[in-house]
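J.: What TrEMBL records for this protein is below:
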type	residues	note
SIGNAL	1-26	signal peptide
DOMAIN	32-323	domain 'Plant heme peroxidase family profile'
DISULFID	38-118	disulfide bond
SITE	65	site 'Transition state stabilizer'
ACT_SITE	69	active site, proton acceptor
BINDING	70, 73, 75, 77, 79, 91	Ca(2+) 1 binding site
DISULFID	71-76	disulfide bond
DISULFID	124-319	disulfide bond
BINDING	166	substrate binding site
BINDING	196	heme b binding site
BINDING	197, 243, 251	Ca(2+) 2 binding site
DISULFID	203-228	disulfide bond
Ligand code: HEM
């Protein structure tokens, strides 16, 4: 008793606490982080995202997904953007990314535009976070203040991406534990999965579901089968919308579809399959406002995953390689 309350012990505990907090929860700053160093940051990013989406609406979805794939692998550190080098094989050829993840050219364009107005100041990791927000807004979804101050990783690995990004074959428990391991709740999982209200998936990602599963609307399965042949290897890259109703609008139709057994991916329908998360899906299907509110909090939480801050990492000049 006496020893644990001694001034020495108190100081030691405080020092340990500070040390622990410093390493475990590096803090991001508010969205004013670059207000002095790069006052034109937000309009610069937004106009480039806007022209990319004007050229191809799907790009908004692809850019949102890039941020997710960045944050789920070693935290939101821009690592997904790194090309392979002689020292490492990066994330671009990991299972979830190969022939699938896209938008790197758009990020390059945004980065050059930002470098044009304030060279060497804004990280690629922060550009991904702002780009994801702008994409959601431009497709009709909610807006939020993006926390900033992330720095960029100097290295990464394909293995980290293979371990970090959940595949569409996961069942509910595995999805929940993957999200929980990163500090995201089950509710965050259901809200963030609502991102599948926009964008496309390849036949290879949903073939097993539309041919073998029973918790799927019959006519929906038939429609999807018409452009996704049963045989592995044929038509693997044929695309279908993740949200059959409005794949270019950010709304709550994803959750409405799940209630009708019209989730495209196995992992989508897992969220509404007679289990503990059905009620959350129903609440979002019933109220787009609830969905938007929870989606915003979950995106902010996802953006907080293990950032590099302070003197860690670097501000990359080119998002594809370390300086
Ligand atoms: C819950 C676990 C998740 C799984 C298993 C999953 C899986 C997938 C798969 C398999 C695709 C289609 C890829 C292809 O066939 O090429 C996809 C697309 C997409 N995902 Fe997810 N995803 C998950 C969560 C998320 C989250 C949290 C977000 C965003 C915050 C997100 C955003 C997207 C978007 C926007 C697309 C469409 C991309 C495009 O059209 O280019 N996903 N996802």
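Every residue gets a Cβ built from N, Cα and C, even glycine.
All TrEMBL annotations are machine predictions without curation.
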J.: For the binding-site residues 75, 166, which one has the sparsest Cβ surroundings, going by other Cβ atoms within 10 Å?
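T.: 166, out of the binding-site residues 75, 166, has the fewest neighbouring Cβ atoms within 10 Å.
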J.: Which residue among the binding-site residues 91, 251 has the fewest other Cβ atoms within 10 Å of its Cβ, if you could check?
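T.: Selected from the binding-site residues 91, 251 on minimum Cβ neighbours within 10 Å: 251.
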J.: Summarise the model confidence on the domain 'Plant heme peroxidase family profile' (32-323) as a single mean pLDDT, whole number.
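T.: Looking only at the domain 'Plant heme peroxidase family profile' (32-323), pLDDT averages out to 98.
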J.: Any of the recorded positions 77, 79, 118, 166 with a C-beta atom under 6 A from ligand 1? Give them in order, or none.
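T.: Close enough to ligand 1 are 166.
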J.: Where residue 65 (site 'Transition state stabilizer') and residue 91 (Ca(2+) 1 binding site) are concerned, what is their Cα separation in Å, rounded?
T.: 14
J.: Taking the Cβ of residue 70 (Ca(2+) 1 binding site) as the centre, count every other Cβ atom within 10 Å, in any protein chain shown.
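T.: Residue 70 (Ca(2+) 1 binding site): 30 neighbouring Cβ atoms within 10 Å.
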J.: How far is it from residue 118 (disulfide bond) to residue 79 (Ca(2+) 1 binding site), counting Cα to Cα, in Å?
T.: 22
J.: Distance between residue 228 (disulfide bond) and residue 38 (disulfide bond) at the Cα atoms, whole Å?
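T.: Residue 228 (disulfide bond) and residue 38 (disulfide bond) have their Cα atoms 47 Å apart.
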J.: Which of these recorded positions is closest to residue 243 (Ca(2+) 2 binding site) if you go by CA atoms: 69, 70, 76, 77, 79?
T.: 69
J.: Round to the nearest Å and give the CA-to-CA distance linking residue 203 (disulfide bond) with residue 319 (disulfide bond).
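T.: With distance taken Cα to Cα, residue 319 (disulfide bond) is 30 Å from residue 203 (disulfide bond).
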